[in-house]
Amino acid sequence: QLQSKILVLTICAAGIGGTFQYGYNISIINAPTAYIQSFMNETWLERTGVPLESNVILLLWSFTVSVYPLGGLAGAVIAGPMAIVLGRKMSLLLNNVFVIIAAALSGFSRMAKSFEMIMLSRFFTGVNAGVSMNIQPMYLAESAPKKLRGAVALTSALFTALGLVLGQVVGLRDLLGGEESWPFLLASNVVPALIQLTALPWLPESPRYLLIDRGDEESCISALQKLRGNGDLSAELEEMLAEQAAVKGQRAKNPWDLFQNPALRWQLMSIVVLSSAMQLCRNDSMYFYAAYVFQEARIPQDKIPYVIIGTGSCELITSVTCNMIIDYAGRRPLLLGGYIFMAGWAIVFMVALSQQTQISWMPYLSMACIFAYILSFGIGPAGVTGVLPTEVFDQMSRPAAYMICGSLLWFNLFLVGTAFPFIVKSLAHFCYVPFLVVCICTALYVGLFLPETKGKSFLEISEEFKKRNFKTQTHAGFYKGPEEIKSTML
């Protein structure tokens, strides 16, 4: 049907210039590491006549890498106001300006003999990723029908994994990962941006944003008809009108409002725990160990980059699988199972690393652990975490919730990325103990406190959290419900 095609096109247009860029820009920086470090040294030598010391080159490279999550943090902070003022679709479109600036800076950096341009480029790339990772799942979840909401919002994780794999492929030395072509590799992120700028303007804005934020019922119905067809839209429209009535007279909240509001206590705690755990479980460090483990398994050096692509493909495969089952299995089982399996594989991986040189087949077990850990992360935490802020917060709180969620994600990425080399140095083969603790604690939180949101309307989810937030008052008999929830009748 035409309408289902429009929904698919909306998902693809939002994803290719959205979270795809996050995965793509994380992976393309790995291939030209040695060449960029050499370029830094040569540039400094030309300017001053003195080469850089190796520790200074390492410091400059560390800053080049770490400025990406700092840009992401800035993007997460501005994403909320952008989503409120400009709308979901327009925010995604304007977000491409950051990538175009970044591509121009990195593409001309060698010609200009300026490694500072690469650093600035990575910052703007991070800003783009920070904005898209907050707004894309919000836009798609608000545009999707209730029965497909989880699967549609989860495509954000699918596009992240797709970007990761394509970045690994394009970064191969045979393609753009060579010494002469690395500026083109870093500038290649302009292509997804141009695709989104071409396709997304023709597709509808979020119907919920049009009705609840803008109060434009006519545009909302028009957007719904494009996305759903000319069938009976009364039930969905009635649900939106009920939510509009529930938040009538309220302004869009900022993050501080969320922290002060007792009616949002458990929702806020849930996204803080899950957003932090997503980076603190340190799935990315498996890629850090991959090359070493594959070398120990006697895989030829020139074949290792191709095997590492297999690790990225694991995440892509599980994202597709999770996308297919999330609206059947539910959110809690996927999160719970993901963290439990990650905890188990972390234990096996640490044992395998400690025995790597003692037992001949241990490198192969380590290889299996790398793939299994990434698969476990992809099946639940990687995708479901990004869906939850849309489902557990109402329209007025959602942008602020994503600001908090995104800020924690990027801050923890920076924190763990900086601390991980020191953790490896101090704990050696048992460096996964802190991440194991995170996985166990998060699994306990999900199992004990997180309600299931599958197949429920936004108001039904609000009511369920209301019971948790005001449990003591309800038992005492004097709580009458938060002011913003007037009715859940459809």
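Every residue gets a Cβ built from N, Cα and C, even glycine.
Automated prediction, rather than curation, is the source of TrEMBL annotations.
Small disclaimer: the values here were computed from a predicted structure and weren't measured.
Per TrEMBL, domain 'Major facilitator superfamily (MFS) profile' is recorded for 11-454. Summarising the annotation, TrEMBL assigns transmembrane segment to 56-80, 92-112, 118-139, 151-170, 182-203, 334-353, 365-388, 400-424, 430-450.
A Cβ distance under 8 Å defines the sequence-distant neighbours of the transmembrane segment (334-353), meaning residues of its chain 6+ beyond its ends; these are 274, 277, 281, 283, 289, 322, 325-326, 362-363, 365-366, 369-370, 372-373, 376-377, 379-385, 429-433, 435-436, 439-440, 442-443, 446-447, 450.
For the transmembrane segment (182-203), the list of distant contacts is 6, 9-10, 12-14, 16-18, 20-21, 24-25, 28-29, 31-32, 35-36, 89, 92-93, 96, 99-100, 102-104, 106-111, 118, 121, 125, 163, 170-171, 176, 226: same-chain residues at least six beyond its ends, Cβ to Cβ under 8 Å. Restricting the average to the domain 'Major facilitator superfamily (MFS) profile' (11-454) gives a pLDDT of 87.
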